[in-house]
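Asker: Annotation comment: TrEMBL describes Glu77, His80, Lys195, Glu196, Asn199, Arg201, Gln213, His228 as chlorophyll a binding site. The chlorophyll b binding site annotation in TrEMBL covers Arg82, Leu162.
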Amino acid sequence: MQSLAKLTSASTAGSALKKTTVVQRRRNVVSRASKSPNWYPGKESPKYLEGLTGNFGFDPLELGTEPEQLKWFVQAELLHARFAMLGVVGILVPEILTKAGFDWPGAGVNWVDAATFQYDADSKVYFVIQLFLMHWVEIRRYQDMQKEGSVAQDPIFKKYKLPEGAKSGYPGGVFDPFGWTTRNGGKNFEELKLKEIKNGRLAMFSFVGFWLQYLCTGKGPIDCWIDHLANPFVNNILNTAAVPFVNP
């Protein structure tokens, strides 16, 4: 009888210890995740990504192991994020205004065809103007990436200069007309940087989605959305060419 009691006690103690160990492990995982958010819960972020805005440890191909390469990738992501946000707004707003009844030269033109639409001048003229302006801006930005602050002085209007200590991608000064970088002593700056990169990543994914929608349906995102709301069980991704073998 005593042996049975001892066996039962030992079994209960073992189960309790096992349960406690599992709970502790779960707590450790949650604790690590809360301290360092990761795209894969429970996995530690690479050390070389520490300190980066919007770091969620996502680098499965280990592209950022080289410091100079990582610096380039950070700036490339930031620039593409900003372009994507502008692009998404530039796609959605004209389509919404067209649906609302507003009219202007080019109203109702699909966002893909808008690039070659004939406005008051040939589209090639706008392309050359854009090429010249972008070349100037990109050369200056590249020089600043190579050596921060090297292009802070305006080359034409000498009285204009960017603030001291400005970081690549966040020049401040005339590029911050609302004073967001210095508001509340700069306390909100890191939060704003995080919001920007998160929204920028979302915009990049959205832009890819817009392209896939157009390739599969020939329609813009607002038209696709309206069609889906009208009949969600028929007008969805499964009934397009986006999913192979489902709708041949």
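Think of each number as a place in line: the chain as shown, counted from 1.
Each Cβ is built from the backbone N, Cα and C atoms, and glycine gets one as well.
Predicted, not measured: the structure shown is a model, and the values here were computed from it.
For each listed feature, how buried is it and what is near it?
Answerer: Counted within 10 Å of its Cβ, the other Cβ atoms near Arg82 (chlorophyll b binding site) come to 16, all protein chains included.
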Asker: Is it possible to get the count of other C-beta atoms within 10 angstroms of the C-beta of Glu77 (chlorophyll a binding site)?
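Answerer: Excluding its own Cβ, Glu77 (chlorophyll a binding site) sees 18 Cβ atoms within 10 Å.
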Asker: Among Asn199, Gln213, the binding-site residues in question, whose Cβ has the most other Cβ atoms within 10 Å in this structure?
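Answerer: For the binding-site residues Asn199, Gln213, the Cβ with the most other Cβ atoms within 10 Å is Gln213.
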Asker: What does the structure give for the C-alpha distance between Lys195 (chlorophyll a binding site) and Arg82 (chlorophyll b binding site)? Integer Å is fine.
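Answerer: Roughly 12 Å, rounded to the nearest whole number.
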Asker: If one measures from the C-alpha of Asn199 (chlorophyll a binding site) to the C-alpha of Arg82 (chlorophyll b binding site), what distance in angstrom results, rounded to a whole number?
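Answerer: Asn199 (chlorophyll a binding site) to Arg82 (chlorophyll b binding site), Cα-Cα distance: 9 Å.
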